Every structure is written in structure tokens, then in C-alpha cells.
Amino acid sequence: MASILLRSCRGRGPARLASPRAASPRGSLRDRACLSCTRTVGLTSHESVLSRCCTPANPVYLYFKSEPLSCWTQRPECQGTVARAAWTPASARLVVTGPQYLPVRGWHSSSPLGEDSMIEKSLKSLKDKNKKLEEGGPVYSPPAQVVVKKSLGQKILDELKHYYHGFRLLWIDTKIAARMLWRILNGHTLTRRERRQFLRICADLFRLVPFLVFVVVPFMEFLLPVVVKLFPNMLPSTFETQSIKEERLKKELRVKLELAKFLQDTIEEMALKNKAAKGNATKDFSAFFQKIRETGERPSNEEIMRFSKLFEDELTLDNLTRPQLVALCKLLELQSIGTNNFLRFQLTMRLRSIKADDKLISEEGVDSLTVKELQAACRARGMRALGVTEDRLKGQLKQWLDLHLYHEIPTSLLILSRAMYLPDTLSPADQLKSTLQTLPEIVAKEAQVKAAEVEGEQVDNKAKLEATLQEEAAIQQEHLEELKRAAETAKDIQPEVAEATVPGRPGAELQPKMVDVIPPSEILKDTAPVLEGLKGEEITKEEIDILSDACSKLKEQKKSLTKEKEELELLKEDVQDYSEDLQEIKKELSKTGDEKYIEESTASKRLSKRVQQMIGQIDGLITQLETTQQNGKLDPAAASSPTGESVISVDELISAMKQIKHIPEHKLISLTSALDENKDGNINIDDLVKVIDLVNKEDVQISTTQVAEIVATLEKEEKVEEKEKAKEKAEKEAAEVKN
């Protein structure tokens with residue numbers, strides 16, 4: 001068992017097992033842990049091993065090769081037939097041979113399942129409080145504090161500080177927004193972290209200066225044709241239409257749709273104003289985090305459950321250190337080699353898959369699962385699956401579902417608590433408390449701001465400024481790491497290129513002649529089979545760009561506006577949901593007589609009116625495009641089958657990619673076979689575009705196998721979302737009949 005850990009240590013002398021007295025504190029999953037020594041692979045025998053050269057990290061489990069793994073790419077330890085290869089530079093990345101990992105482009109991606117807007121979080125918090133009050137359960141109530149009356153001088157000083165931090169926040173937000181907007185206009189892709197920062201900054205700007213809605217938004221709409229003309233890289237390069245008018249309309253439609261979606265996201269990011277709020281949420285969170293970090297005082301279970309909801313998956317994963325990311329990947333049997341962005345991306349996709357599975361399992365019931373299904377579900381969530389009884393499997397899975405779905409604890413916190421060195425005897429609240437202690441300080445700042453926004457309280461400008469500056473520093477650090485990787489890769493490639501291009505020397509002279517001094521009988525021959533299939537899966541960034549261009553070309557040939565119509569319908573649903581959430585909040589507050597204290601911000605009201613106007617304009621553009629296409633440009637056969645306008649055959653995709661640029665036949669077959677999940681010879685273009693946009697937003701390198709897994713995850717989320725919509729519709733109809 002010890003060899004599983006010790007074989008991957010960094011060669012710092014012979015390792016030995018430490019005595020139990022030398023064990024590190026429980027839950028020590030920090031930068032000092034040597035997480036390259038952890039091997040959390042299957043789940044049979046559980047032991048904690050400590051070597052001389054590192055501190056303890058993950059628990060270690062044995063693994064049987066006969067057990068199927070639900071992982072992104074099976075590690076070489078799990079499959080004996082997979083060839084090993086060294087790291088090789090490719091473009092500006094370091095990649096591992098085998099399934100190759102490629103960066104692709106895109107801007108928007110599908111929203112993760114269950115990702116709530118700010119108003120939805122406020123509504124859930126309000127419903128939870130009212131429900132506990134009706135049931136007579138425990139409701140968190142802050143201790144009564146003695147109000148100290150401030151002197152006149154102290155009040156003036158506080159006001160001066162408030163305006164100072166407010167103007168400083170406004171200036172910094174303006175600079176960051178201008179820089180990111182310039183990057184967008186010049187065709188650069190914002191990462192997920194940058195887009196989230198840009199969205200929050202725009203919401204802050206409209207909150208600080210509501211008058212900007214009358215100036216900025218109409219100015220942006222007026223300049224759309226100019227922007228499209230001056231910055232052609234803002235849109236995909238393949239708008240190869242025969243009609244200049246149709247091309248102009250499509251570009252205008254695309255930009256208006258993106259702008260309307262962004263403005264709606266900005267509206268949902270703005271918090272409601274609660275005039276009755278006393279600013280207790282920020283103080284309560286600060287006191288809670290001070291207890292678990294400094295004083296050592298144990299918070300109540302209600303406090304732990306209440307504040308744990310604020311540490312969302314995206315916030316937690318974006319701020320974890322690399323050792324913690326590697327530990328989580330090994331716990332979930334994911335690839336632990338790659339950039340931080342790649343590790344976060346595959347963790348995000350796994351958490352999205354687990355979230356969808358949790359809802360499906362909860363609907364069917366844990367008791368309906370077989371033993372193998374229980375083991376697979378527990379193993380996928382980082383829990384013990386082998387060597388335990390069926391009752392324990394059901395018990396720990398039910399506890400997981402209760403914490404995740406009923407108490408709404410983020411999946412990332414639950415997974416992180418299982419990656420730590422914690423005994424099974426600890427209660428869920430104590431496990432969450434120990435997990436929160438390991439999170440970086442920046443996560444606490446973000447959660448503190450979110451706590452005030454959810455309660456509808458006025459966010460302190462100083463706290464908002466600190467969170468913005470910390471997030472900007474993290475973004476700049478990512479850029480520096482990216483530039484450093486690119487420079488190192490270019491430095492490794494440059495000597496090889498210079499040697500291969502020496503003037504006056506033929507290529508044959510570059511290699512010295514080898515003298516055969518070894519007898520033929522002593523020459524060792526490698527009899528292992530050569531795995532040619534791995535080479536066929538190598539896909540470059542250029543080939544992915546060609547795939548994106550081919551999709552655009554095929555959609556143009558089919559005159560398909562399916563994606564635009566679908567996005568417009570989703571935008572209309574978001575607007576309607578926002579309006580319904582506002583009404584529900586007022587309805588919940590009417591139970592306590594506080595509905596008069598809540599109101600929508602001025603900037604939010606103005607933006608909502610502008611989005612409604614843009615939706616009408618987009619409807620008109622789509623109608624105009626359809627009319628243009630029906631005037632002799634659309635094939636009658638295609639017009640008679642609207643259901644298949646987004647479905648193409650594998651041969652059509654291969655033919656379109658060949659027309660753009662020559663690609664080897666085996667690569668085309670490998671790529672299309674990975675995209676054709678059900679092997680029926682057909683591919684949905686819209687689903688393919690969603691995958692490309694999703695990966696492009698993360699700026700990571702993935703393999704063809706992972707493309708198929710992303711498609712499966714998106715389909716699973718769509719299935720769960722359809723069930724939830726049908727359930728909500730049935731509940732609304734039942735409520736209407738009852739009333």
C-alpha cells in the first residue's frame with residue numbers, strides 16, 4: 001500500500017513511513033501538501049499513509065482494473081494497454097500525447113443546470129425563512145446588539161469614507177470595463193472568469209450611476225453597424241452569403257441578440273433594495289468566518305448551513321490552489337495533469353453531471369438503485385463504495401442528496417470535504433466547517449458581498465472594492481502564467497527550428513552517422529504493438545476552427561435560424577421568469593407585511609424596458625431574414641422539413657471540412673465518430689456549436705472522447721430541465737385551479 005504513494009515522490013531520497021505521532025492535523029489540504037503523492041483511485045481498502053518527504057494529503061484506496069470507471073480519460077495506471085509518452089510542445093501549450101488537448105474559440109456557453117440569478121437566490125432565501133417559521137423549525141437569528149449612537153464627527157467621517165470608496169470603485173470599474181470591452185471588439189475571447197468580472201462591473205456601474213442606462217445602451221445600439229464594420233473579428237469569419245443585405249442582417253441579428261442577453265444577465269445580477277435591511281448580513285458573515293478561522297469558537301449548525309450556501313461551485317473552484325485542484329481531480333478519478341484552467345473545466349463538467357444525476361436519483365429514489373449503481377454513484381462523489389454494506393451505501397448517498405438538494409450545499413464543498421483527511425465520525429456540519437477553513441481569503445470576500453446582495457442590503461463600497469481588486473489580481477496572474485507558458489514553449493521550439501534551417505547544410509547532414517558497433521544478436525527489439533489509434537485522435541486548434549467554420553457554412557447552406565430562434569425564446573423566458581420572481585418576492589413579503597420595503601433598482605427598471613424594446617427589434621430582424629430567404633433563396637425541399645434543418649449527416653460535415661482545407665481522412669473519421677454519439681450517421685449542428693462555445697469560453701484543450709462526454713452532460717441537463725419545467729407548469733396549473 002505504501003508503494004502506491006511513495007512511487008510518485010519527487011526523488012528526494014528513500015522515503016519511509018512516519019509514526020502515527022507525526023501525523024499532520026486533520027483536514028490539512030493546503031499548499032504544503034505533496035499532492036503528487038496521492039493516488040485516490042478505487043475504493044476498497046482505506047488507509048492513510050505518510051512519507052518522510054511530504055505531509056499527508058488524500059486517503060488512498062486500492063483499485064481493481066475490472067471495475068469500469070466513469071472518468072474523462074482513463075489514466076495509464078488504469079489501463080495497461082495505453083502507451084506512455086513524454087511531454088511535447090505544441091503551438092503555445094504543453095500537451096500529453098494520447099488523446100490531444102486543443103484550445104477552441106467561442107464566447108457564450110450554456111448555463112449550468114440550476115445556476116440561479118441574484119433575484120432567484122433572494123427568493124429562495126425568503127421562502128426558506130418563511131417555511132421554517134411556518135413549520136416551527138430553527139431559524140437563524142443574529143444576537144441582539146446594543147446600538148451605539150455615533151457622534152456628529154463620526155457620522156461625517158463615515159460618509160466621507162463611503163463616498164471615497166464609491167468614487168474609487170467607480171473609477172476602477174470604468175477602467176476594467178473599458179479594457180475588457182476593447183478586447184471583445186478586437187476579437188479576443190474573454191475567459192469565464194473575465195466575463196463574470198465584466199458582468200459584475202457593468203452591474204456596479206449601472207447601480208452607482210443609473211443615468212448611464214440612458215446614455216450607454218442607446219449609444220451601443222446606435223454604433224452596432226459601425227462596430228461590425230470596424231471590428232469584423234467580433235463575429236465568426238464565415239458569413240459567406242451571396243446577398244450583402246442578408247449578411248448585414250445576420251450580423252446585426254447576432255450582435256443585438258448577444259447584447260440583449262448580456263443586458264438581461266446584468267439585470268439579474270443587480271440585487272433588490274430592501275429599505276428595512278439593517279446591514280446585519282455582512283456583520284453576521286464576518287463574525288461567522290472569524291469564528292472558524294481565528295477564535296476557534298464553533299458556530300451553530302444553522303450558521304454553518306446558512307453561510308455554506310454562499311460558496312458556490314464557480315466561486316470555490318476559481319479560487320482553489322493547484323494542490324487542491326489536483327487532489328479533487330484524483331478523488332474524482334479525473335486527469336490530474338494539465339493547466340489550472342483545464343483542471344477547473346473538467347471539475348466543473350463533472351460537478352454539473354453530478355448535479356443532474358442527483359436530481360434524477362432523487363426523483364427515482366435511492367432504494368430503486370441496485371448495488372452496482374449505488375457503488376458507482378458513491379464512487380463518482382468521492383465516497384467509499386467497495387467493502388461497505390448496502391445500507392451504508394444508501395445512507396451516505398441519502399445524506400449527500402439531503403445536503404445538496406434540501407439544504408442546497410454546493411457540490412464543490414461536499415466534494416472538497418471528502419478530499420480532506422477527515423474521520424467518518426464527524427457530523428456533516430463539522431465537515432463543512434473544516435472545509436471552509438481551508439478556503440482562500442478571496443473566497444470569503446466574495447461570499448461576504450454575496451451575503452449582503454442576497455438579503456437586499458446595501459453593499460459596502462469598500463468590501464466591493466476589495467473583492468473587485470482581488471479578482472482583477474487573479475485574472476492578471478492567469479495572464480502572466482499563460483505568457484510564461486507560451487515563452488517557455490517558444491524557447492524549447494526555437495533551437496530545433498534554428499538547427500533544422502541552417503543555410504548551406506542539407507537536411508541529411510544534420511544527423512550524424514551512427515556506427516553499427518553492437519552485434520545484431522544483442523540488439524533489443526520492442527515487440528509491443530504500436531497504437532496508431534492514438535495518433536489519429538490528435539486534433540489541432542486550426543482543425544477545430546475549421547470545424548466551427550464548417551458548421552457555419554452548413555447552417556448557411558440550410559438557411560437555418562434555429563439557434564437564433566432558440567436563444568430568443570430562452571431570452572424571453574428569462575425576462576418572464578424575472579418578472580414572476582419579483583411578484584413572488586412581494587407575495588412572500590406580504591405574509592410579514594414587509595412588501596412595501598422591497599423595490600427594484602432604478603437602473604434595473606430602465607434596463608428591463610430597453611431589453612423589451614430589443615426583443616421586439618430582434619423579432620423583426622428574424623421575420624425579415626425569413627422573408628428574404630423565402631423569396632426564391634430557400635430550397636423548397638428544405639422548407640418542407642423544418643425539423644431536420646439543424647441535423648446533418650457525417651458525410652456532409654466531412655465534405656464541408658474538406659472544402660475549407662485538406663485534412664487527413666483518418667482524422668476526419670476519428671473526429672466525426674466522436675461527435676456522432678449514437679452512431680446513426682447524423683450530427684446536430686446546434687449541439688456541436690454549444691460544445692465548441694463551451695470549451696472556447698474556458699480556453700482549455702480537450703480530447704475527442706471528452707467532446708462526446710460534454711454532449712452527454714448537456715443532454716442530461718436538458719432532460720432534467722425539461723422535467724423541472726413540466727413540474728413547475730403542473731404546479732402553477734394546480735394552484736390556479738385551487739384559487
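Cβ atoms are placed via backbone N, Cα and C, with glycine included.
Feature annotations, reproduced from Swiss-Prot:
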BINDING   Asp676, Asn678, Asp680, Asn682, Asp687  Ca(2+) binding site
DOMAIN    251-536  domain 'Letm1 RBD'
MOD_RES   Thr191  phosphothreonine
MOD_RES   Lys596  N6-acetyllysine
REGION    717-739  region 'Disordered'
TOPO_DOM  115-207  topological domain 'Mitochondrial intermembrane'
TRANSIT   1-114  transit peptide
Review point. Got a sec? Which of these recorded positions, Thr191, Asn678, Asn682, has the most Cβ atoms within 10 Å?
Key: Thr191
Review point. Lys596 (N6-acetyllysine) to Asn682 (Ca(2+) binding site): how many Å between their Cα atoms?
Key: 56
Practice item. Would you identify the secondary structure of Asn678 (Ca(2+) binding site) according to DSSP, in three states? Key: coil
Review point. In sequence order, which same-chain residues at least six apart have a C-beta under 8 angstroms from Asp676 (Ca(2+) binding site)?
Key: Val650, Asn682, Ile683
Check your understanding: Looking only at Asp680, Asp687, the binding-site residues on record, which one has the least crowded Cβ, with the fewest other Cβ atoms within 10 Å?
Key -> Asp680
Exercise for review: Report, in whole Å, the straight Cα-to-Cα distance of Thr191 (phosphothreonine) from Asp687 (Ca(2+) binding site).
Suggested key: 21
Check your understanding: Along the domain 'Letm1 RBD' (251-536), what average pLDDT does this model show?
Key -> 79
Check your understanding: About how far apart, in whole Å, are the alpha carbons (Cα) of Thr191 (phosphothreonine) and Asp680 (Ca(2+) binding site)?
Key -> 34
Review point. What number of additional C-beta atoms lies within 10 angstroms of the C-beta atom of Lys596 (N6-acetyllysine)?
Key: 11
Point to revise | DSSP residue counts for the region 'Disordered' (717-739), split into helix, strand and coil | key: 22 helix, 0 strand, 1 coil
Study note, to complete from the structure: Simplified to three states, DSSP reports Thr191 (phosphothreonine) as coil
